[in-house]
Amino acid sequence: MGMACHGSGGLLATSGADRKVLVWDVDGGFCTHYFKGHKGVVTSIMFHPDVNKSLLFSGSDDTTVRVWDLLAKKCVAVLEKHFSAVSSMAVSEDGWTLLSAGRDKVVNLWDLHDYRCKSTIPTYEVLEAVCIVYSGSQFASSLGAFLQQSGKKKSRSTGIYFITAGERGIVRIWTSEGAVCLYEQKSSDVTVSSAEDEDSTRGFTSAVTLPLDQGLLCVTADQQFLFYSPAEHLEEKWSLKLTKRLVGFNDEIVDMKFLDEEEQYLAVATNLEQVRVYDLSSMSCSYVLAGHTDTILCLDTSISSNGRRLILTGSKDNSVRLWESERRCCIGLGIGHMGAVGAVAFSKKCRDFFVSGSSDRTIKVWNFDGLSDDIEEPISLKAKAVVAAHDKDINSLAVAPNDSLVCSGSQDRTACVWRLPELVLVVKFTGHKRGIWCVEFSPVDQCVITASGDKTVKIWAIADGSCLKTFEGHTSSVLRASFLTRGTQFVSCGADGLFKLWTIKTNECISTYDQHEDKVWALAVGKKTEMLATGGSDAVINLWHDSTAAEKEEAFRKEEEGVLRGQELENALLDAEYTKAIQIALELRRPRKLFELFSELCRKREAGDHIDKALHALGKEEFLLLFEYIREWNTKPKLCHVAQSVLFRAFNILPPTEIIEIKGISELLEGLIPYSQRHFSRIDRLIRSTFLLDYTLLRMSVIEPTTQDDLKTRSLLHSEKNMEDNAEEDQKQVSEEQKPKASGKKRKSHKSGDHSRSHKKVKDSSTHANTAAVPLQA
C-alpha cells in the first residue's frame, strides 16, 4: 500500500494490507525490520527526512500514526487524534513537527519532542496528500513575495507552509500560524466522466513536491499526472498554472484529427465528455475542452477564414459544439438532433459551414452566422438545411473538396451523395453487405471511398454510382479508410487491429502493420507531411511517418557500401589475406564466396593452420552465422567435405562451454547431427571397400612392401613359387622315364587299368615326397 526510501538510499520501507511494516536492505535484498502493531491496513509510510534521526512513521486506517525507532526496533509512540484513515504525512523543515492528513478532513500537527498534538487544522475536504513548502524553493519565494506585497506576511513568521490535495481536485496552500488558507484554486483541472460511479474516487489521489524546483506533481484517479508551478506574473494575484498534463490511460479512442497544417497538435475524443488536445512533440496533453454532458463520438478540425483554429464535436447529448483552440473555449452550440450525433464534417473550401449526422437518421447543415472574435458565451447555431437521409444510424460524413457535395455512410449498408446546400440526392451507392463505417471523397478524382463492416473497401464513381474497385484483405469490419499521395493510395484500419496501406492502380496491399491489440476506431491523416495517427479500443495512439524516401536512401547507402566492401573482398583475395576475406564475406552474407574461400584453404598445405587463423578472428555472432552456412553445406554431398573440415576446426577452437552460450546453437546442431551421421556411414562403407582393393593389389604383387611384415610375406610367397617350380620339373622327369615302358604294352582289362591308376597314385605320392624335400635341399 505504500513505500518510502531512506535519505541515505540504503533502506526501503513498505506497508501493506497485512497490517505490517517492513524495512528492507536495498543492496542485500533482505528484511532488516519487521514491525507489528497496527490494527488495520497501513496506508502511508515515511522516513524522517533527517538521516541522523532513525525514525519511521506509519499511518493506518485504524486512525493512528505510529512512530518506530529503527535502532531500538520498537514503537516509541502512538499518535491518536484522527477519526478516519490517515492518508498522508509530512515532516516540517526543522524536523520537529509531523503533519498528518486524513480522510476525516483535518490536518494534525504533532510535536516530535514529546509526541503531543500541537494543533488541528480543519480543511473541510477528504485529503489524500499533504506536502511541505520548503524555504528557498520557487513556491516559497514567489508566495512570500506576494504575501509581503499584499501585507499578509508578518516580519517574523514562524508558521509552516504546506499544500493539501484531495477529493475536490483542487490545490490549496495553508499556513499553520492561524490555520489560514493562503491560496485555493478556482476550478479543478481533473477530468471525470459522468458515466463513472458516484462512489468512485474523484479528484487527486496523491501529490508530491518535486526536487530541483520542478514544481508540484498531482496524481488523479484516472491515471493522470498534473504538473503545477507558480505563475510568473504576480501583479494581481498569486496563482498556480498547469504546466504539463500526462495522461496514463485514454480509455477507448473513438476519433481523432490533427489540429492544424503544421501537425503539432492532435485532438482526441475518448469515452469522456472532454476533448483532449495533445502536443505531439512531448505527447503531453496541452489542454482539455470540457462542455458536453455525455460521451463525445466524433470530431473534426479546420482553420477558419480569419485564421482561427476550430474544433467541431458531436456527442451523445444530441448536440454539436464549436470550439476555438487559441482561447480554449466553446464559441458555438448546435441543438436540434433527436439522437446521438455520430458524424460531423467541416467545409473544405469556403470554411463557413459544417454538416452533422445523427442516429435520428437526419443530416443537418449549420452555418457560422453570428460568430465573432470577441465572443464570451457560446452562441446558438442555426441549421439552414435538413434531410432525412437514411433508414438507420449515420456513421460518417465527408464534404467534397469544392464544397458542392456531401457524402453520408449509414448502417443501412448504403452511401448517398447530396448536393449542397439544399441537400438534394445526387447518387446512391448500393453493394455493401454490412453497414458503412467511413466515407471520403478523392482529392483528385470524381469518386468516393467507403469502408464497410463486410470486410471490404470500395471505390465508387459519382457520375453513375457504379463500383469501380473492391479491396479485400481485412479479416473483420473495416472502420476507417482515407486517401493518400494525391489519391493514388489509401490506408485502412479495422476491427482486426490491422493497419493496411493499398495501391489503387494495382489493387494491391503494399504492407500491413499490426501495432494495435484491439479495434482501430480512429484514423487521422496530416495534410502537410501526410503523417498518420491511429487509435482504438486498446487506448493506444500510434503516430506513423512516411518512410519511403528514407528506405530508398538506406537501400542506396547499403548497396553502395556493399559494392565497396565487395571490392575490399576481391582485394583481400588477390593479396591472399584469407582472414580478412572471410570476415568480409560473413559481413556481406555471401555464403557462396565463403565456401569458395574455405575450399581454397582446404586445398592448401597446412590447411588446418590457415582455417584456425581465420576462425580465431570471428566473434560469437559471426560463428552463429558460419554454423548456419555449414548446416546448409552439410546437406549436400558435394559440399559436405569442406563443411566437415571447417566444423572440425571450429569445434577444436571453441570449448563446449562457449559453444552452448551461442544463442540458437541447439537448433543448428540438431540440423548438423543427422547429415553428419549419414556422411560418416557413407565414408565408413567406402573405407571398408578399400580393404578388398588393398588385398587384391597385394595378391597381384602390385603394391611394393615397405614394412617387415610385407618382406616376410614376400619371402614366403617366393619360397612357395620355387617349390612349385621344382615339383613340376620332377614330374616331367618321371613322366619321361615312364614313356618307353608304356608304349610297348597293350591296354589291359579294367582291372589292369585300376592297377595302373593305383600305380600312378604311388608315383604322385613319391613326387610329392620329392617336392617336399626341395626346400630342405635349398
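Placed from the backbone N, Cα and C atoms, the Cβ positions cover glycine too.
Unlike curated entries, TrEMBL annotations are predicted automatically.
Positions annotated as repeat 'WD' by TrEMBL: 1-27, 35-78, 79-120, 289-324, 334-369, 387-420, 429-470, 471-512, 513-544. According to TrEMBL, the domain 'U3 small nucleolar RNA-associated protein 13 C-terminal' annotation covers 567-700. For 722-740, the entry in TrEMBL reads compositional bias 'Basic and acidic residues'. For 722-778, the entry in TrEMBL reads region 'Disordered'.
Non-local neighbours of the repeat 'WD' (387-420) in the same chain are 339, 342-350, 355-359, 361-363, 365, 426-430, 432-441, 443, 448, 450, 452, 460, 462; each lies 6+ residues outside the stretch with a CB under 8 Å from one of its CB atoms. Sequence-distant contacts of the repeat 'WD' (289-324) (same chain, at least 6 residues past either end, Cβ-Cβ under 8 Å): 191, 193-195, 254-261, 267, 269-275, 277, 330-335, 337-347, 350-352, 354, 356, 358, 366, 368, 371, 373, 378, 381. With a threshold of 8 Å between CB atoms, the same-chain residues lying at least 6 positions outside the repeat 'WD' (1-27) that come near it are 33-36, 38-47, 49-51, 56, 58, 60, 66, 68, 70. In the repeat 'WD' (387-420), helix, strand and coil residues by DSSP number 0 helix, 20 strand, 14 coil. Beyond its flanks by at least six residues, the repeat 'WD' (79-120) meets 40-41, 43-44, 46, 48-50, 53, 55, 57, 59-61, 63-67, 126-132, 134-135, 160, 162, 164, 174, 176, 179, 206 of its own chain at Cβ-Cβ distances under 8 Å. Secondary structure of the repeat 'WD' (471-512) per DSSP (helix as H, G, I; strand as E, B; remaining residues coil): 3 helix, 25 strand, 14 coil.
Beyond its flanks by at least six residues, the repeat 'WD' (471-512) meets 434, 437-438, 440, 442-445, 449-459, 518-523, 525, 530, 532, 534, 536, 538, 542, 544 of its own chain at Cβ-Cβ distances under 8 Å. Per DSSP, the domain 'U3 small nucleolar RNA-associated protein 13 C-terminal' (567-700) is made up of 110 helix, 0 strand, 24 coil. Helix, strand and coil counts from DSSP across the repeat 'WD' (79-120) read 0 helix, 25 strand, 17 coil.
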